[in-house]
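Colleague: According to Swiss-Prot:
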type	residues	note
MOD_RES	P3	N-acetylproline
MOD_RES	K14	N6,N6,N6-trimethyllysine
BINDING	N123, T173, K177, R295, H327, S379	substrate binding site
ACT_SITE	K175	active site, proton acceptor
BINDING	K201, D203, E204	Mg(2+) binding site
MOD_RES	K201	N6-carboxylysine
ACT_SITE	H294	active site, proton acceptor
SITE	K334	site 'Transition state stabilizer'
Amino acid sequence: MSPQTETKASVGFKAGVKDYKLTYYTPEYQPLDTDILAAFRVTPQPGVPSEEAGAAVAAESSTGTWTTVWTDGLTSLDRYKGRCYHIDAVPGEDNQYICYVAYPLDLFEEGSVTNMFTSIVGNVFGFKALRALRLEDLRIPVAYIKTFQGPPHGIQVERDKLNKYGRPLLGCTIKPKLGLSAKNYGRAVYECLRGGLDFTKDDENVNSQPFMRWRDRFLFCAEAIYKAQAETGEIKGHYLNATAGTCEEMIKRAVFARELGVPIVMHDYLTGGFTANTSLAHYCRDNGLLLHIHRAMHAVIDRQKNHGMHFRVLAKALRLSGGDHIHAGTVVGKLEGERDITLGFVDLLRDDYTEIDPERGIYFTQFWVSTPGVLPVASGGIHVWHMPALTEIFGDDSVLQFGGGTLGHPWGNAPGAVANRVALEACVQARNEGRDLAREGATIIREASKWSPELAAACEVWKEIKFEFPAVDTLDKKKG
């Protein structure tokens, strides 16, 4: 080795491993308005200090690796590195912390949820120094939000397209979710729409199977929509699931839906992927289609409290990527969802501005500027007795979706739809008259059932049905 080479090797570089906290833990740092901020729930391995664990998360999700490398000297780490700038102990837990990390905006490709998640929730989640890691929340800066189109249309444009105001929208998932022929499927769609629903829906796993190919389903559902519209004088829709094995096939299905003149298509955004979802959202805006989003696979990611990613993060990502509706739990039905937490991310979906609110699990103030809002969809194990609570919890800007709660009616699909529409109209009228839905809900439904035999029959069938299980994902509270 030449003397010149030896001299260069000894200046500004020292091989070896050093603590992450020496570079990536910066409690004096004041986050910039342009930084993406993340709140991680960190459970270190025994003996790993919280500062080292938080710094490791910042490092491994930005510029760091396990050892010092030559090429660190070829760039400005201070400009590009993530910084763990604050750590809070989690109330009631012995070795768990909320670590706040700031990422410079230059780390991320414009308009790409895929790239953002590849960094922030990538390899770091398998890091051995951590027993568990969960991304609780993100603050998306305005500068980054403006690089996204967002939802194809948003809440107000959808209401104008449908000419429906002053109440939640009503939907129904066609059951059984798999096995029906396209013609029988279309018949069920027609009966539900004729009975008073605004929408019917493909289930998340209805794509293009041997028993019902997608093109046949689209044709029979379009026929059902037009027939129901002619009979009721209302605009109707069916969420035609365009999810496919390739992006090209997905867009082909959306093109066919547009050619049929239907108002809305659907996508499974987690199994389909954010790249596919963003592409479909762009197509929908350009071609006047509404986009319904199903969150199939979300519980694999978000249900465990200590590891994974909270749904509020997935909800924010969807608002960036694009969708006009997204499933958001029910609070009262068969699927996971604590009330305060659910209402927290429902507001993040709908509102332009949401303040930090620990009581609802919101770690950062979020401003969406001109990004349209997304309608939350309440779906899963709900029926007419839940209608007052759903109307009170979710308000007008929501979709209330009754699958079994429509198709399970003893008189058939259309009477099931009638029962739900009557129950909803009764709840909206009672609320507008100043009645307390939370306290008087059951009375309101009973009163309405006197004038609707369809509702009375539904009330009798589902009077004993409850799903009384505690939520797994709950707010942090001190152990008393």
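Cβ coordinates come from backbone N, Cα and C, glycine included.
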Colleague: If you draw a 10 Å sphere around the Cβ of N123 (substrate binding site), how many other Cβ atoms fall inside it, taking every protein chain shown into account?
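Modeller: Cβ-Cβ neighbours of N123 (substrate binding site) within 10 Å number 11.
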Colleague: Looking at the recorded positions listed here (K201, D203, E204, H294), whose Cα lies nearest to that of K177 (substrate binding site)?
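Modeller: It is D203, whose Cα lies nearest.
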Colleague: If you count, for each of the recorded positions K175, K201, the other Cβ atoms lying within 10 Å of its Cβ, which residue has the minimum?
Modeller: K175
Colleague: If you take the centroid of the Cβ atoms of K201, D203, E204, the listed Mg(2+) site, which other residues of that chain have their Cβ within 8 Å of it?
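Modeller: In sequence order, the nearby non-listed residues are T173, I174, K177, D202, N205, V206, Y239, N241, M266, H294.
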Colleague: Near H294 (active site, proton acceptor), which residues of its chain come within a Cβ-Cβ distance under 8 Å, counting only those 6 or more away in sequence?
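Modeller: Residues satisfying the criterion: E204, N241, M266, H267, D268, Y269, I326, H327.
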Colleague: Three-state secondary structure of K201 (Mg(2+) binding site) from DSSP?
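Modeller: DSSP assigns K201 (Mg(2+) binding site) to strand.
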Colleague: I want to verify one value. Collapsing DSSP to three states, which class is N123 (substrate binding site)?
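Modeller: The three-state answer is helix.
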Colleague: Using all protein chains in view, find how many other C-beta atoms are within 10 Å of the C-beta of D203 (Mg(2+) binding site).
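Modeller: 19, counting other Cβ atoms within 10 Å of D203 (Mg(2+) binding site).
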Colleague: Among N123, T173, K177, R295, H327, S379, which the record lists as binding substrate, how far apart in Å are the two most distant Cα atoms?
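Modeller: Pairwise Cα check on N123, T173, K177, R295, H327, S379 gives a maximum of 37 Å.
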Colleague: What does the structure give for the C-alpha distance between K201 (Mg(2+) binding site) and T173 (substrate binding site)? Integer Å is fine.
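Modeller: So the alpha carbons of K201 (Mg(2+) binding site) and T173 (substrate binding site) sit roughly 5 Å from each other.
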